[in-house]
Amino acid sequence: MRTYSLTVLLWSCMFHVIHMMPSQKRTNKHSHSERITGLSENGGKTLHRTKRGWMWNQFFLLEEYTGPDTQYVGKLHTDQDKGDGNLKYILTGDGAGSLFIIDENTGDIHAAKKLDREEKSLYVLRAKAIDRKTGRQVEPESEFIIKIHDINDNEPKFTKDMYTASIPEMSGVGTSVIQVTATDADDANYGNSAKVVYSILQGQPYFSVDPETGIIKTALPDMSRENREQYQVVIQAKDMGGQMGGLSGTTTVNITLTDVNDNPPRFPQSTYQFSSPESAPPGTPLGRIKANDPDVGENAEIEYSISNGDGSDMFDIVTDKDTQEGIITVKKRLDFENKMLYTLRVEATNTHPDPRFLQLGPFKDTALVKISVEDTDEPPVFSRPWYLIEADEDAKEGSIIGQVVAHDPDITKNAIKYSVDRHTDLDRIFNIYSGNGSLFISKPLDREETPWHNITVIATEINNPKQSSQIPVFIRILDINDHAPEFAKYYETFVCENAKAGQLIQTVSAVDKDDPPQGHKFFFELVPEFAVHPNFSIVDNKDNTAGIMTRRNGYSRSKMSTYLLPIIIFDNDYPIQSSTGTLTIRVCACDSRGNMQSCNAEAFLLPAGLSTGALVAILLCIIILLLVVLFTALKRQRKKEPLIISKDDVRDNIVTYNDEGGGEEDTQAFDIGTLRNPEAREESKMRRDVIPETIFQIRRTAPLWENIDVQDFIHRRLKENDLDPAAPPYDSLATYAYEGNDSIANSLSSLESLTTEGNQDYDYLSDWGPRFKKLADMYGGEDSDRD
């Protein structure tokens, strides 16, 4: 507070001194052509006036004034003012009337409010003096400036409330970290109010700050991230050059040490022990080891390897990139009986070493790994991965053709039994002795049918049947000469009637199912009975073929149309096999070039007088006759088609003739007297199981016999139908239209209306309307047809 009061006093003295200075200056009233230069709206242009009576200069005002009264700025006065109150002072411009108030009688100017230089540092105003009585302006309007003097009322402010920075660990002293900046709103051109000085309040002795630039630097060497990673530094900015009484501001800087690869990997223990069953397949993981590295990121990445040891060929180690662990795995099959303990030297190395820190030592570490092999009950092991056995085709049943051998690799050496997998030998051609693994034949072999047999032999421990193994056995059947050669195909051989002696008519070859090692060799000759054939001979070509030759000139189909030539074929293997094949030779007609034209027996049919055309005509006549007979039979069958086609149809059947009578006077359409006549003719009966050939038949009229009971007639008809063996075996409906005597309802038919006693009254039909007029005329009138 003492410093603030001193400042106000200093500025007050300065103001009054400056204020007194313009009062000593007066303008010369009689200088009409004086040239002056000042601040005006014309921007420094030369002004001409005939007279000047103002007395002032530039005014200064202190900002942030907090006194009880208004702050006195200065006084405007002209030599035209006689003190009699005739002049009036008027003030215009920036803040006139609101910030600055002028006494119009005396010209005294006061500041009505507290001013802030940071908002506005100077004000431009205009003043003039006028005569109260005449209103004439005694002095021309002129500008003047009120400048606000600064005081230290603003503290320095940093551009950020919080800074974040990083620097690699192990950096040297004086390494720049970050620069902080603070600004002061006070006037930098006046005093030390805006002169800022930086200092560190928190973060020593690790960091320091440059007092003028604000650059933060390291203050200690070899700072380790592994010991401490985060630092918080507080920086102060103070104005007035850092002197007492200056204002200050602070900011916080968070500094992080980043990692460098300055630490090698280290195993936490020098020896590791693992175990593995001997049955573990390759690739089985046995365990994990890990070397610790306090670095992070890629600086902590480790690569594991096996440097030496007696198990380097049996085991392998791979690196888990996620956990940075070394995984020890089985590389080859283990054998407890062969070796029970292995020793490995495992090495862990950084993959990204930093050359700056190599002098600290090698960035790798080693550890000893011991792996013990555990014994397990293993299946039997065959002496070979597969077996190839050869067997003769003519080997007898029970003959031993080979042997397979297996043993128990365990120390116990359990006994083993052998068997054949029957899924590979469905025909049970082979078998094996369970005790020694000898294979023998159970059924005859045939190389031509199956030259190879692929079976599987199983070896099983007797004490532990679950322990078994399989081995493929390939059996090759060796050929023996058990098949005779034969013709390679069926030959259609012919000889021309005009053939000459010594002419080749056919070349034959042979095949053999056997497969001799030296290849096939066939010999051809005629059978001993025809060693010298009168018509044909055979010539062996010595290349497994033979040629058939003619021995005479000319052949006749009329005498002999076909020749049979038996040929013997031999092979050269042991034992020699032979067969006889008969070659059929036809005699054919050929042209002059030897091309066959016809081999048919047509010449023998011509003498009988029947040609081919005659045979074709006879065949056509037979076919036509058969068609006529078939057509007739079908027509008759349609005429006698029964009413009921299916024998399984047992439903009631009604035969409908669609015969409608013409009324009760139409005596020709239907004669009921036939039913009343017990002596009706038998031949007029019609079968009920055959469709009538004539639907509408003219019936004979018979005289009506009155008072004849036809009950006996109906019973006789029923009995005949029941005993008729030709009647169909299903129910039928027979209607005889017979009504018995003494019916309560009497007769309902109009057929006997002629015999009715008395006439009926049909006059009521006239009352039924025009639709029944025709009936009323027919039955209602006295002149009706009944009369």
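In case you wondered, yes, glycine gets a Cβ from its N, Cα and C as well.
As a whole-number mean, the pLDDT of the domain 'Cadherin' (78-158) in this prediction is 80. Annotation source TrEMBL lists domain 'Cadherin' at 78-158 (among others).
The domain 'Cadherin' annotation in TrEMBL covers 159-267 (among others).
Remark: secondary structure over the domain 'Cadherin' (268-382) totals 10 helix, 56 strand, 49 coil, with classes taken from DSSP. Positions annotated as domain 'Cadherin' by TrEMBL: 268-382 (among others).
The domain 'Cadherin' annotation in TrEMBL covers 383-487 (among others).
What TrEMBL records for 487-604 (among others) is domain 'Cadherin'. Counted with DSSP, the domain 'Cadherin' (487-604) comes out as 6 helix, 55 strand, 57 coil.
According to TrEMBL, the feature signal peptide maps to 1-20.
As annotated by TrEMBL, transmembrane segment applies to 604-634.
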For the domain 'Cadherin' (78-158), the number of residues DSSP places in helix, strand and coil:
0 helix, 41 strand, 40 coil
